[in-house]
Amino acid sequence: MSKKSLTKELASCSFCGRTEEAVEKLISGPNVYICDKCVRLCTGILDKKAPSTYEFKILKPKEIKEKLDEYIIGQENAKKTISVGVYNHYKRIRSKNKEADGIEFSKSNVLLFGPTGSGKTLIAKTLASILDVPFTIADATTLTEAGYVGEDVENIILRLLQAADYDVAKAEQGIIYIDEIDKINRTTANVSITRDVSGEGVQQALLKIVEGTIANVPPKGGRKHPNQEYIKVNTENILFIVGGAFVNLEKIIAKRLGRNTIGFDGSNREVVDPTQKSLLLSKVEPEDLIQFGMIPEFVGRFNSIANCNELQLPDLINILTEPKNAFIKQFIAMFEAEGVKLQFTEDALAAIAQQAIEAGTGARALRLILENLMRELMYEIPSDETISEILIEKETVTEKKPPIIKRHDQKIA
């Protein structure tokens, strides 16, 4: 038998030892062989994600606020407060020695309060986008403590985990925004001897994950069951931002300060001056939130507390036109894509903003008002190629008067 045929006879995988006859393919190299089965095995190993060492952005407070300014009009104090709080939070994570000289840095969770549509949720969303970290929103009113019908607090962590594509390390540095936090207040500031399923009990349930714990998260959500497998998530470095309207909080602050907040109009109705209200809310203390019905331990987990003021007419007009993704800019771009130039008069913008104020939902109402205003045009424009320009006037907003339309080779009339 020749040397060449002997070599072929004895050829086998250098990794598993299988002979050429036992495999489909045997790939040869200089004095080495690998079979198709080992190639597939190696490919599978390489395809597996290595443990995440997710690196997040860490921006200085001024840099964070500058980016928030691009999308959020007004709320200067809230933006500064949250910028400092977020910077300190992520600086704490980045620090290699969190307990230098025996000093332990606490979490900088943030509590935002203010009326509906004042920008609380938008601030949190924009922040997550700026920092490029996983983000999720939860509604506090759907949460119940363990053992009651409703949503477990661990499901909030699950949604963050899903936003991070189940990358645990990435989720552990994400942001969770819990809205309507004021709706889980105690009905009285005194400790109740009865069980408060959706109030104090939920605050107690949230305490651990907010301050930092190893949460056992059901991978498919729902209630926990014995013998169920869990994903362990450390919440120590998750930034929690909570928000709520905290209606009439200014009255609690005024009482503490010995001031009167209420006036009366000609019809003997209560009137609260917006400037006075804003000034009072800027003087909020943890004890005011406790008096409102939040438990002391929960309030104590939030080092940064900021007020989002009620938006006034000039604010709403600016929100329509100024931010990077302003609603008016979006509609102008949509019409431009159809070859139509869309314009609004200043009076029209003011009328839209005034309708939002009357709706009582702040900036949230702006998009709906615009959608209703522009719906018929958005329906007709794609089928009418003769239109070149559209001008929206105040009367179009307030009286449903048709807008001024210019067609190709025609003047606006």
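FYI, residue positions are counted from 1 along the chain as it appears here.
Cβ coordinates are placed from backbone N, Cα and C, and glycine is handled just like the others.
Values in this document were obtained by computation on a predicted structure and should not be read as measured data.
As given in Swiss-Prot:
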- 1-54: domain 'ClpX-type ZB' (DOMAIN)
- C13, C16, C35, C38: Zn(2+) binding site (BINDING)
- P115, T116, G117, S118, G119, K120, T121, L122: ATP binding site (BINDING)
C35, L122 as binding-site residues, winner by CB count within 10 A: C35
Nonlocal neighbours by CB distance (under 8 Å) for S118 (ATP binding site), same chain, sequence gap 6 or more: Q75, C308, N309, E310, L311, G362, A363
Nearest-integer angstrom distance between the alpha carbons (Cα) of L122 (ATP binding site) and C38 (Zn(2+) binding site): 51
Other same-chain residues whose Cβ falls within 8 Å of the Cβ centroid of P115, T116, G117, S118, G119, K120, T121, L122, the recorded ATP site, in sequence order: G114, G243, C308, G362, A363, R364
Average pLDDT across the domain 'ClpX-type ZB' (1-54), rounded to a whole number: 72
Minimum Cα separation from T116 (ATP binding site), reported as the residue among binding-site residues C13, C16, C35, C38 that achieves it: C38
Residues near C38 (Zn(2+) binding site) in space but at least six apart in sequence (CB under 8 A): C13, F15, C16
